[in-house]
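A.B. asks: Questions regarding the structure given below will be posed in turn.
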Amino acid sequence: MHLGRLSLVPRPAYSIMSSSSAQAASRLSTIHRHLSDGAGSQSGEGRRPAQSNVQHLTVFGAGLMGAGICQIGAQSGLKVVLSDVTDQALENGLNIIRKSLARVGAKTHPDTVEKFTRSIMDNIETTTDAAKAVAHADLVIEAIIESLKVKRDLFGFLDKHASASCIFATNTSSLSVSDIAESCSKDRQANFAGLHFFNPVPAMKLVEIIRTPHTSESTYQTLYSLTKRMGKSPVTCKDTPGFIVNRLLLPYLMEAIRMVERGEATPEDVDLAMELGAGYPMGPFKLLDFVGLDTTSYIASGWREKAAANPGTISSDLVRPIPFLEDMVKQGRLGRKSGKGFYDYKSK
């Protein structure tokens, strides 16, 4: 879940099974915390340590997120394989990258934009063959639909085809990294972590590195070093619902909706108050409309299920159902993508 530029933007779908099961979902300073807690000691007899020097990256999912991750990997000098279920999806992803690089080149290489773009694109290959995509991968990053089953199916398949030392990382923003990693062997789980980028990836500096109880120290250090190499500012978090940003942001958005539901303030006044009083670049209702009210509702529902299944992980009261929100979703008032949410965009 990419809450606007901060997060909550749904990602395009990817599946190793069929395109019908892969319908696209609608779309701070560095904190370096070593969460050893014994994770670094889980070497496991016979397990090969994670790659410490990543040169070959494979990205699954050629939507905005996947294309962005692919771009910054290629810009960092990595050889990148971009994989999706159809050639059309891959071509769309490459077009996203070309346009983004052209904008970058216009600022950094104004006299040689085409040469600059071509030099980066030369680092990128594409394939619809998932097994082939990971044949030489040091690191796999998944940026596909926010479905636990689809992600588990993908990683379970890749676990049998990638090298033993290859690191697996999920870009999930709302699912448990541990739950996804369970689709892989015990040895692979030591080489598994969350790597949560923010949209748009080329512009947003933040990356959340998520450590599960099984993530090895070498895996963590490799991902930390790689994100720095990509020009990002990594922060570290345990595998907790929402990680850092969305754990704080989603309850804030939900409470803003409740204020309006109770008639305490208007969306316009709440937005203005948070923009001028708290210094936020975008008020909560503008952000909700940008993200999509259906997406917000979906994420909150998932958190409620997590709270019910694992009491103590998160307070269900933070994301309790809001009839006002659910009514808007039923009416098709989803935000910018439908033309109307808390604001009306049809006349703009």
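Using the three backbone atoms N, Cα and C, a Cβ is placed for every residue, glycine included.
TrEMBL does not curate its annotations; it predicts them automatically.
Sharing the features that TrEMBL gives for it:
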BINDING   Gly61, Ala62, Gly63, Leu64, Met65, Gly66, Asp84, Glu146, Lys151, Ser173, Asn199, Lys337  NAD(+) binding site
BINDING   Ser100, Lys107, Ser173  CoA binding site
DOMAIN    57-240  domain '3-hydroxyacyl-CoA dehydrogenase NAD binding'
DOMAIN    242-345  domain '3-hydroxyacyl-CoA dehydrogenase C-terminal'
SITE      His196  site 'Important for catalytic activity'
A.B. asks: Quick one, of the binding-site residues Gly61, Gly63, which Cβ has the fewest other Cβ within 10 Å?
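C.D. replies: Per-residue Cβ counts within 10 Å for the binding-site residues Gly61, Gly63 bottom out at Gly63.
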A.B. asks: For the domain '3-hydroxyacyl-CoA dehydrogenase C-terminal' (242-345), how many residues does DSSP put in helix, in strand and in coil?
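C.D. replies: Looking at the domain '3-hydroxyacyl-CoA dehydrogenase C-terminal' (242-345) with DSSP, the answer is 68 helix, 3 strand, 33 coil.
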A.B. asks: For Lys107, Lys151, His196, listed as recorded positions, tell me which one has the smallest number of other Cβ atoms within 10 Å.
C.D. replies: Lys107
A.B. asks: Out of the recorded positions Met65, Asp84, Lys151, His196, give me the one sitting nearest to Ser173 (CoA binding site) by CA distance.
C.D. replies: His196
A.B. asks: Can you give me the Cα-Cα distance between Lys107 (CoA binding site) and His196 (site 'Important for catalytic activity') in Å, rounded to a whole number?
C.D. replies: 27
A.B. asks: Using Cα coordinates, what distance in whole Å links His196 (site 'Important for catalytic activity') and Met65 (NAD(+) binding site)?
C.D. replies: 10
A.B. asks: Using only the Cα atoms of Gly61, Ala62, Gly63, Leu64, Met65, Gly66, Asp84, Glu146, Lys151, Ser173, Asn199, Lys337, which the record gives as binding NAD(+), return the largest interatomic distance in Å, rounded to a whole number.
C.D. replies: 26
A.B. asks: Cα-Cα separation of Gly61 (NAD(+) binding site) and Ser100 (CoA binding site), in Å?
C.D. replies: 17
A.B. asks: What's the longest C-alpha separation between any two of Ser100, Lys107, Ser173, the listed CoA-binding residues, in angstrom?
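C.D. replies: The two farthest binding residues have Cα atoms 31 Å apart.
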A.B. asks: Looking only at the domain '3-hydroxyacyl-CoA dehydrogenase C-terminal' (242-345), what is the mean pLDDT?
C.D. replies: 94
A.B. asks: May I ask for the distance between Met65 (NAD(+) binding site) and Ser100 (CoA binding site), taken between their Cα atoms and rounded to an integer number of Å?
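C.D. replies: Taking the Cα atoms only, Met65 (NAD(+) binding site) lies 12 Å from Ser100 (CoA binding site).
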A.B. asks: Radius 10 Å, atoms counted are CB only; among the binding-site residues Ser100, Ser173, which position scores highest?
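C.D. replies: Output for this query is Ser173.
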A.B. asks: Roughly how many Å separate the Cα of Asp84 (NAD(+) binding site) from that of Ser100 (CoA binding site), to the nearest whole number?
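C.D. replies: Cα of Asp84 (NAD(+) binding site) to Cα of Ser100 (CoA binding site) measures 19 Å after rounding.
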